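As recorded in Swiss-Prot, the features of this protein are as follows:
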- 16-311: domain 'SAM-dependent MTase PRMT-type' (DOMAIN)
- Tyr19: phosphotyrosine (MOD_RES)
- His29, Arg38, Gly62, Asp84, Glu113: S-adenosyl-L-methionine binding site (BINDING)
- Glu128: active site (ACT_SITE)
- Glu137: active site (ACT_SITE)
- Ser176: phosphoserine (MOD_RES)
Amino acid sequence: MPGNTKKSADSGLTAKDYYFDSYSHWGIHEEMLKDDVRTLSYRDAIMQNPHLFRDKIVLDVGCGTGILSMFCARAGAKHVYGVDMSEIIHKAVQIVEVNKLSDRITLIQGKMEEIQLPVEKVDIIVSEWMGYFLLYESMLDTVLVARDRYLAPDGLLFPDRAQIQLAAIEDADYKSEKIGFWDDVYGFDFSPIKKDVWKEPLVDTVDRIAVNTNSCVILDLDLKTVKKEDLAFSSPFEITATRNDFVHAFLAWFDIEFSACHKPIKFSTGPFSRYTHWKQTVFYTHKDLTVKAGEYIRGTITCKPAEGNHRELDIDISYTFNPREPNREPVSEDLSYRMC
């Protein structure tokens, strides 16, 4: 490749490597770059803190089009190394060149786990590693490899904190459309498909008015200390109904923080915040609940990488609802989902 660029010996793509190949297409990068919440949060965290980046060596894990690398260079970084497996890196090289930053940005094509940086340690790692439900198709395990191998003892991660939140929602119309649809498909019974539809979480934007409980943190990550095995987790939860309503699903989203900044910068992908391309994740229950304000739904959510594809997720939710009045029946379910 022209310019200040390197390519690892083992970086050739294969037809089977769909995940990395999907990031070679322009559409996904356009969607991410146009996500103002995402991109401006990174820009502000980096460029409003030049005192942290000045004369520092920075590693950009999964650099994509190079936007974060260029933010770092503009913030005063001595040199930025961007690593990406996808073929998009060829265009990133040209983008860096036309922005006259080739003298301070080196792009390397390859897997982070396999490449060798030309430096022993870096001062800062930046990465936009998050996926749906935070962990679906995420690169966090790759960021942790980079952290353990290259980050200086007093180094910084951007971002460095992440949380997943869980709440419940009323969603009768869409649940009927998504699940009930299979009972009568142009006069035919397609119900054998329903059990598979139940298992697939829906990634979509949910109106804030649908949320009818408080939220509960089910995962809280400090990227400076978290280990790969921590990404498979089991967490109890308790959420409280905020009004008399029906519950048709659980809703999850994540929040991100850059706490190393002079003024910490945060953003949320939840229904009470501005739209992001991550949207929210809906887990429909088999049973519908009738709740009254102040009543609790208690349970446990378990998440682990799927066997055979660690970027997919197996998620189990077990919950119990005990109404206050004895004439109302308790409800409990054990639900299993696959994000794929």
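Counting begins at 1 with the first residue displayed.
Backbone N, Cα and C define each Cβ position, glycine as well.
What Swiss-Prot annotates, mapped onto the structure for a quick look.
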| residue | record | Cβ within 10 Å |
| --- | --- | --- |
| His29 | S-adenosyl-L-methionine binding site | 18 |
| Arg38 | S-adenosyl-L-methionine binding site | 20 |
| Gly62 | S-adenosyl-L-methionine binding site | 22 |
| Asp84 | S-adenosyl-L-methionine binding site | 26 |
| Glu113 | S-adenosyl-L-methionine binding site | 11 |
| Glu128 | active site | 22 |
| Glu137 | active site | 18 |
| Ser176 | phosphoserine | 12 |
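In this structure the C-alpha atoms belonging to Asp84 (S-adenosyl-L-methionine binding site) and Glu128 (active site) are separated by 12 Å. Reduced to three states, the DSSP call for Asp84 (S-adenosyl-L-methionine binding site) is strand. Taken over all pairs of the listed S-adenosyl-L-methionine-binding residues (His29, Arg38, Gly62, Asp84, Glu113), the Cα spread reaches a maximum of 26 Å, rounded to the nearest whole number.
Each residue contributes its Cα atom, and for His29 (S-adenosyl-L-methionine binding site) and Ser176 (phosphoserine) those atoms are 33 Å apart. The Cα of Ser176 (phosphoserine) lies closest to that of Glu137, out of the recorded positions Arg38, Gly62, Glu113, Glu128, Glu137. Across the domain 'SAM-dependent MTase PRMT-type' (16-311), the model assigns an average pLDDT of 94. A straight line from the CA of Arg38 (S-adenosyl-L-methionine binding site) to the CA of Glu128 (active site) spans 9 Å. Listed in sequence order, the recorded positions from Gly62, Glu113, Glu137 having a Cα within 10 Å of the Cα of Glu128 (active site) are Gly62.
The separation of Glu137 (active site) from Glu113 (S-adenosyl-L-methionine binding site), Cα to Cα, is 16 Å.
With respect to their backbone Cα atoms, Gly62 (S-adenosyl-L-methionine binding site) and Glu137 (active site) stand 13 Å from each other.
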